[in-house]
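What TrEMBL records for this protein:
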- A:C297, A:C357, A:C360: [4Fe-4S] cluster binding site (BINDING)
Amino acid sequence: MGKTISEKIFSNHTGGDVKAGDLVVSSVDFMMGQDGTSPLAIKAFEEIGGKSVLEPARVAMVIDHSAPSPLEGVSNLHTMMREFAGEQGLCLYDIGMGVCHCLLPEQGHVAPGEIVVGADSHTTTYGAINVFSTGVGSTDLAAAMLTGKLWFKVPPTMRIELKGRLPLGIYSKDVALFLAGRITADGATYMAVEYSGEVIQHLSVEARFTISNMAVEMGAKAGLMEADAKTIEWVAGRVDHPFTPVSPDADADYQKILDFDLSDLSPQVAEPHRVDNVKPVEELEGTPIQEAVIGTCTNGRLEDLQIAAALLGGKRVSPDVRLIVAPASRQVLMKAMDLGIAQRLIEAGAAIVTPGCGPCVGTHNGVPSDGESVISTANRNFKGRMGNPKAFIYLASPATVAASAVAGKITDPRRML
Amino acid sequence: MGDSKILTGRAHVFGDDVNTDYIISGRYKFKTLDMNELACHCMEDIDPDFASKVEPGDFIVAGANFGCGSSREQAPLVIKHAGVSAVLASSFARIFFRNAINKGLPVVECDTSQIEPGDDLEVDLSEGKVRNLTRGVEMDIAPLPSVMMDILADGGLTDYLRKHGGFKL
């Protein structure tokens, strides 16, 4: 029996012939913490008795969740990160550099065939470029910083074949939401997901990140794709170390294989307060909204801003709606400026905030008021997620969010294309 | 599971898919490492009175996919600091499960369908049994991988690594 992508990556890293279910201690190629998790990792590192990080060049700390700091308590934790990164010689991305999950691939820290852990659940994002990347807690991050290794249980794999061609106005976010709705919040728990098929082949690398980002919303440990010519070209422009892409064997042993034909997919929207509470936009059109958010590790990349700007071009955001745009990195913002995208968004009425997590995690930058409804390109709509448990969050693609911002109510973007 | 103590307490029952934002909201967790302060907000968005009514030794009991969502280690930490001695659920999200063991909070995977709010429970980690004393029923605990049993027996990953210097399978 052949091997899945996960089994091959773990076999390559451990020098063994490992299968799903095996427990292994594996080297970790890169590790990351953000400002919600790094302070606890630093504390754990010191409690373990750690003096120096084993390989500082393999560690990044990113200040993105509350950036710039809205509170003195946060400021002190940011300072703790800056001091630790300075003492240990770690790579620190300070406020305004962007969201960790946009930065790690963009800055060339992660490459196909590697194992990456991040103290953030959406670390699954890099699976789109063939990286076995998964979220861990702060103490596991501390252990990896100290020893360069972690223990893993090699996961079984769910293979998802996506057939057909996405119709006009349908994007990778609609695919990610559709899958979350079908597979549900725990349908892939503990498994690695392998996404494949015609739909994935036709997506850009940026669009693929959106799908792997949301693998964790189905409980998955990783959201992997094969590295094709597009992946290699994208990575080669950023990574300056050698890497080995991994493909699954034709006779790999999958726990489950699912097939979907997406030729007739509609724009998808997740209703409050569950990511898997997904409906086609037609069923929710007309729902009034007061805030619209474009950005986050799911949909804050250049292509996402481009889609929103194209749809907003020449139109104005409804006077009843606040449109907040948080580019996923400084590089994204600068390219959006070069291409006139940022200007079109601002002219349409958007408020552009610091590159970073923006209002997604409820710390600042657009906390909704009681009873308000928000439509967002983020990946989570739990009650209280954006800082107010009395608000309602709908999740959708950048196009659906932009169209809804113009209309003041949930709107099918295909009406405005 | 390498731990001979028997835990006893009352059940606080929640449903399926209790996410880490519900356990400790993002609007609190970014500003402090003081877990006793954060513990006052444990479960606040789904049960505002939880922190005031929970008593030392009590259990959180839930359905499927407990702890889904973010990787925040504050989630098991605030549960522990709220006085909860173990979380029982029919299934757990994987990062929460791993974090709980790493922080020395017992997480017990078992059939929770026969536990009602306020039931008196006894959790026997060494025998691998949960006993509902109020209803007179007994449930089996799903076994942990050996490395997790070792980490839990040492009181968490920090102490495990201090003792062993690295991971041993």
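Note that Cβ sites are derived from N, Cα and C of the backbone, with glycine treated the same way.
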For A:C357 ([4Fe-4S] cluster binding site), what residues in its own chain, 6 or more apart in sequence, show a Cβ-Cβ distance under 8 Å?
-> A:D64, A:H65, A:S66, A:A67, A:V99, A:T296, A:C297, A:A326, A:T363
DSSP three-state assignment for A:C297 ([4Fe-4S] cluster binding site) | helix
In DSSP terms, helix, strand or coil for A:C357 ([4Fe-4S] cluster binding site)?
-> coil
Around the Cβ of A:C297 ([4Fe-4S] cluster binding site), other Cβ atoms within 10 Å, all chains included, total 27
Neighbour count (Cβ, 10 Å) for A:C360 ([4Fe-4S] cluster binding site) = 28
What other residues of this chain sit with their CB within 8 A of the center of the CB atoms of A:C297, A:C357, A:C360, the recorded [4Fe-4S] cluster site?
-> A:D64, A:H65, A:V99, A:H122, A:G295, A:T296, A:T298, A:G300, A:A326, A:G356, A:G358, A:V361, A:A378, A:N379
